[in-house]
């Protein structure tokens, strides 16, 4: 029953996606101003030193040779060493430290958004044009309108500063060391595996506000989408027929409409995952959580090209994988997709 | 499995784009050299990166259409958005764009090797 | 059935002409009966007034300069400084007010430029059809598939630092163009399908005339809705880029930069007002545009407003 060929085909498509993104990143970095050799050497370095770095990096080769080399490196997921941010550390290592941080944040945020967004959307549709509906819609609109870099500080202010119930920043209390129990790199999971309950509690308390901030936005989008999709389905003929047969309207909606209404929403969840990664960049900055998002911003600012290349390709890889998962879910709900 | 005619058709789309790209490249390079005073080798490198933008874009778009085309089509049909987005049309457009970029890159590399 | 139709009493007002005209336009009458949309409009008007007032009466040099020595440093909101003062002892009231001007100015330029680009591309795609259409629109589709903030971050690095906030504007214009192109193409196609356009073409009217005279006026409604909805998003994204350090240069009273400084330098030391007020105005403005835009979309497409039962 499991659509093996479908999944295989989709996994194979990762290859052109990654080559495409790699080519784009390569071209954009080449077209943008700034000399990598000068970035590494620093402004005051001697001309010879800059020249030597340039030769080391292969920047004297024609661009097409550099491009082929770069594609080869991408295939091995090897972007060399960081120029500025973490000197003498491979990009792979930097990424393996920061990626789980962002993943953890995005997963909890997405979970929050789905768990609350879908019921709210259904509720809003079922109670269309009542106070509940209006309140939900305005709430969702406000959720989209309030920027993460304002709601985050507000929550910090309220829960961390005034009430003092949650920590203001970071991932876990600084009195704990998580490096010893590192398995996945996600603190809430690692501490759970190790059975360190105090550390686990601390990690959860640290994760709560950031996940909430990122989740509110996701929830607002999902509930809006769910509402309109639900209304759309309800208006279709077979729903009218079902109602005419005398079943209670609300039960009909829940039983028949929900599954069909979910289909487009699931696609949107996949597409919107990219937006979630964008939100993670801002959330990490607000809560001083060193994830892949802040890494990307910093790398662009200081011109750390290997890090930029590594992060962007990781983002593309993640985005594609999430959409693959979404599509598999989707193909169960709507078997026509499998062909 | 795609049949021979389908492969031939795809090849035609890519090649069509590539020819346009191949012809456009020397024009772009001459333009850069004459108008901006860029050295010929640098002009070839810029043309290559420019082609890379289109190639990467086309490849990404093509893969994206093949991967989620059906799902997007179904979602749009479902929501009656009125757009007539189809996977097939998208794939064909992307093959052209990617071909154009690829042609530009190859042409720039060849010309660059000659002038350099 | 629908709650949108105007009540009977309206016809008796003195300004009959206007009422009739509003009634004749189902779009306007539906929009005006939407209280949320009107609230959004009120917020926007208020912000525009603040922006223009700030631009005309306030001196940017004074606002940007540090006022250590004249004002108290990091003063909490009080009667003299209702929003408090920041880390350089600057009064936050004029800074936040001037921020409205920046948000409106840069928002307008971003949305305006992407509207023009999008309208051009959309109309050309719809009119010429076939390969032109396919290549333009599929390119737009791919751009749309990228997350907007990440795409903007990638594009920002292409433009030189010295452009300041204009760098963010340029990047966001490219990010927003596809949304307009898609909407305009759809609207233009419906217009072009009407027979009278065929007749005009048959009579030998040149392409640009057909486009401008017939297609453009008929796309105005969807373009306006799209512009309104995207205005709010553009203001958020501009502020986000400033927040991340890719926009306004130091000292500029833009909401994004004030928020960034307020959060990084003031939040943990209890100087909450530094980031609170710029953020409040930013969120209100965006909410205003989203409320109005949502109302406009509903008014344009009343299908979504049908009752369930």
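Every residue, even glycine, has its Cβ placed from backbone N, Cα and C.
What you see is a predicted model, and the numbers here were worked out from it, not measured in a lab.
Per TrEMBL, domain 'ABC transmembrane type-1' is recorded for A:99-330.
For A:12-31 (among others), the entry in TrEMBL reads transmembrane segment.
According to TrEMBL, the transmembrane segment annotation covers A:105-126 (among others).
Residues 120, 166-169, 209-210, 212-214, 216-217, 219-221, 223-224, 279, 282-283, 285-287 of the same chain sit 6 or more residues outside the transmembrane segment (A:138-160) yet have a Cβ under 8 Å from a Cβ within it. The transmembrane segment annotation in TrEMBL covers A:138-160 (among others).
For the transmembrane segment (A:207-226), the residues of the chain that approach it from at least six positions outside its boundaries are 104-106, 108-114, 116-118, 120-122, 124-125, 136-137, 139-144, 146, 148, 151-152, 155-156, 159-160, 166, 171, 187-188, 261-262, 264-265, 268-269, 272, 275-276, 279-280, 283-284, 286-287, 289, judged by C-beta separation under 8 angstroms. Per TrEMBL, the feature transmembrane segment maps to A:207-226 (among others).
What TrEMBL lists as transmembrane segment is A:261-292 (among others).
Residues 3, 6-7, 10-11, 13-14, 17-18, 21-22, 25, 74, 77, 95, 99, 103, 259, 262-263, 266-267, 269-271, 273-274, 277, 292, 296 of the same chain lie 6+ residues outside the transmembrane segment (A:312-333) yet bring a C-beta within less than 8 angstroms of a C-beta in it. Taken from TrEMBL, the feature transmembrane segment applies to A:312-333 (among others).
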